[in-house]
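To start, the structure under review is shown below, and the notes come after it.
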């Protein structure tokens with residue numbers, strides 16, 4: 001009787017172990033937090049050198065999740081990548097637009113966002129970033145350089161009119177200054193893409209926040225940041241569940 005009971009326990013343990021290991025391909029292992037690419041529309045499956053990365057994306061050329069062609073498209077006013085038009089409320093100021101290009105380069109090219117990658121139920125991507133700790137100076141400069149440009153929405157992630165094939169302001173949405181829609185730097189950096197970023201209290205060079213801008217000749221400072229947060233997660237942080245947006 002005891003032998004039969006022990007055999008039953010072993011069988012149940014084997015079944016539970018098998019079920020736990022049979023995860024879908026899109027699932028990201030808890031330890032898979034460093035040097036990884038998102039499972040998204042234009043990302044490579046693995047980071048690798050890209051010597052021909054264009055313009056503002058060039059800091060990632062030593063190790064990138066984006067291709068050279070993707071980096072070129074990111075610099076266009078309306079690229080074929082997402083058919084997204086920065087100039088939906090008139091011409092965006094160049095000093096403002098450079099921040100959006102840099103934001104796009106970070107999103108598409110960085111292999112150091114693993115600790116903040118989450119699974120999503122979306123047709124065009126299986127993963128997104130959530131609450132990436134953006135260095136406070138990068139956010140403040142972004143807001144300062146864009147406060148006099150114009151937009152019609154405080155969340156650019158959803159709610160656009162796509163009937164023409166590119167994003168247009170939804171009915172009733174008025175074009176006004178960024179400062180009207182984003183009264184603070186945090187309102188811009190955190191609200192713009194549904195909390196992809198969270199403004200950090202840490203400064204650039206601290207090793208505790210992600211830098212949108214960096215000099216690649218001095219190395220990529222975001223590698224150290226990713227390692228710090230990955231170690232914290234592996235030490236016992238919350239689970240990485242599936243979210244809807």
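Cβ atoms here come from the backbone N, Cα and C positions, even for glycine.
Taken straight from Swiss-Prot:
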- 103, 107, 124, 125, 126, 127, 128, 157, 158, 159, 160, 161, 162, 196: folate binding site (BINDING)
- 37-65: disulfide bond (DISULFID)
- 57-105: disulfide bond (DISULFID)
- 66-109: disulfide bond (DISULFID)
- 89-175: disulfide bond (DISULFID)
- 96-146: disulfide bond (DISULFID)
- 135-209: disulfide bond (DISULFID)
- 139-189: disulfide bond (DISULFID)
- 152-169: disulfide bond (DISULFID)
- 121: N-linked glycosylation site (CARBOHYD)
- 161: N-linked glycosylation site (CARBOHYD)
- 201: N-linked glycosylation site (CARBOHYD)
- 1-22: signal peptide (SIGNAL)
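For residue 57 (disulfide bond), the Cβ neighbour count at a 10 Å cut-off comes to 26, with all displayed protein chains included. Checking each of the recorded positions 57, 89, 158 against residue 169 (disulfide bond) by C-alpha distance, the shortest gap belongs to 89. Local packing around the Cβ, expressed as the count of other Cβ atoms within 10 angstroms, is greatest for 160 among the binding-site residues 160, 162.
Using a 10 Å Cβ-Cβ cutoff, residue 161 (N-linked glycosylation site) registers 13 neighbours. Between the CA atoms of residue 146 (disulfide bond) and residue 158 (folate binding site) there is a gap of 20 Å, rounded to the nearest whole number. Most buried of the disulfide-bonded residues 146, 175, judged by other Cβ atoms within 10 Å, is 146. The DSSP secondary structure for residue 109 (disulfide bond) is helix.
Taking the Cα of residue 175 (disulfide bond) as the reference point, the closest of the disulfide-bonded residues 96, 105, 189, 209 is 96.
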